[in-house]
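Everything on this sheet refers to the single structure shown next.
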Amino acid sequence: MPCGEDWLSHPLGIVQGFFAQNGVNPDWEKKVIEYFKEKLKENNAPKWVPSLNEVPLHYLKPNSFVKFRCMIQDMFDPEFYMGVYETVNQNTKAHVLHFGKYRDVAECGPQQELDLNSPRNTTLERQTFYCVPVPGESTWVKEAYVNANQARVSPSTSYTPSRHKRSYEDDDDMDLQPNKQKDQHAGARQAGSVGGLQWCGEPKRLETEASTGQQLNSLNLSSPFDLNFPLPGEKGPACLVKVYEDWDCFKVNDILELYGILSVDPVLSILNNDERDASALLDPMECTDTAEEQRVHSPPASLVPRIHVILAQKLQHINPLLPACLNKEESKTCKFVSSFMSELSPVRAELLGFLTHALLGDSLAAEYLILHLISTVYTRRDVLPLGKFTVNLSGCPRNSTFTEHLYRIIQHLVPASFRLQMTIENMNHLKFIPHKDYTANRLVSGLLQLPSNTSLVIDETLLEQGQLDTPGVHNVTALSNLITWQKVDYDFSYHQMEFPCNINVFITSEGRSLLPADCQIHLQPQLIPPNMEEYMNSLLSAVLPSVLNKFRIYLTLLRFLEYSISDEITKAVEDDFVEMRKNDPQSITADDLHQLLVVARCLSLSAGQTTLSRERWLRAKQLESLRRTRLQQQKCVNGNEL
């Protein structure tokens, strides 16, 4: 069995060792998974695995062991592949069994040929996910992962920087002149496809249903390949992820950490184009029908590498400062949580002061911003999401950079965020809702395809008079549904499919927001800096990195604390609410009680308390009273509704 760092540089050799020992006995697959699982438990082993998020693709060796932090953007149809196949040596007639798992290209000797009629060939199924880097991931998160990674990599001799930078058009240019490439793979790498597994053998073609493709000249070579990122300006690799076990556990928009084998073999581009040419000759009509689908589902490996997953973990969060799984009863995790909780009070006080300065001296608005940032949908009762707390910060100065810089502050605190500038042009032209493209058989992303716990900051101060067209109205409706029901209805043309979500929405506006919000707090600045950018920059630079990290841990950790209300406090709250209704029957409603309970929940958690106390309930009532009084005062000043 290979040892040392072979599991990192030559994982297929490890797999081959288990396969050779066990043959067709399926136990070898479990042993492979167990082997890599144990390897990753060794001291700091995950930090030695090169990450596609941090390491340029051209620095990674093909067929090496890699990891990838990503979101499932789409799920393709399951595909069949040859789990075990047999080859025959043309000279000696010797038969050899090979495994097809974790491979796109079957490696055969120059004298070997695939025996399609072998009774020992087995066809298995695997699932393909289209995965993209986590949308809106903050710069500080990326930097922390980069600094933690200890993988030693250098430019791959078989994968040069020029390949990495080549566009989709260049890939097709290469494929239009395949002789230069094919000469490198002559004999041992003649193209073929059986059951989803590309294979090499003698120079002859084998066509199956899986290889029915497209005409090369039907491609739109003038436009670059669309990596289908949900948010504009996103960078990083998209990957086709091949999953072999337990794929039913995952769903679209899940955040995953994957460990697997990288496949970037240039021969994949040659094979795909050969299949297009061959299928065009066999059935031009069928080829035309599937051209776009073939382009999307089989992009050049230099642009969209493949990862054959050995281990996959669904991530609760992407904050690199915390243990990956906070629900585990591991001593290390418990020790981390208890240690941080013991110093929670000063961290909260410092964070409140920091946000008070960011909100121009308004400590009440800072309190509500903290409550908003730690809120989360903890459960659903029928269609009602419980725990969400959308805040509308009204009174923001118009034609000012305040909202832009406030978003920068939030970016420095949360792991993932996006600022939506709510202009008429953006509302009318941006794609908010993901939709199904049946021609390409893929889910085309939209701005609202975001993973759980993303902070979405909607800036209404940029909104001017204008006309919303039909797409604009649909986009406003989508935002309203997201805020109210924490769901996005994806467009599948013939029907809509509901995707539940857990997005923290924070709205900045001059007057009352056009969108529904759980809570409106009117900003009362205590100071107006002459230079907003200079003020906010000095605020950020004054905070020590260690303190900033404590803020980040605080805001992520508190979302995952269990919370409950005792029977005694429940009875006290009910009695209190009845008394409030007696005193003010017109303005106190059941919705007000619900909001008070949400505020009390977040307030308790912000103090590290996992159960509601009488003291926190009274403090929640006090905060709500101050907020309502402020709104009434502002309404009297303006003479209109806020």
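Note: Cβ is positioned from N, Cα and C throughout, glycine not excepted.
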Out of S223, S298, report back the residue that Swiss-Prot marks as phosphoserine. S298
Annotated as phosphoserine in Swiss-Prot, from the list S167, S587, is S167
Can you tell me which of these residues Swiss-Prot lists as phosphothreonine: T160, T470? T160
Looking at S118, S154, which one is marked phosphoserine in Swiss-Prot? S154
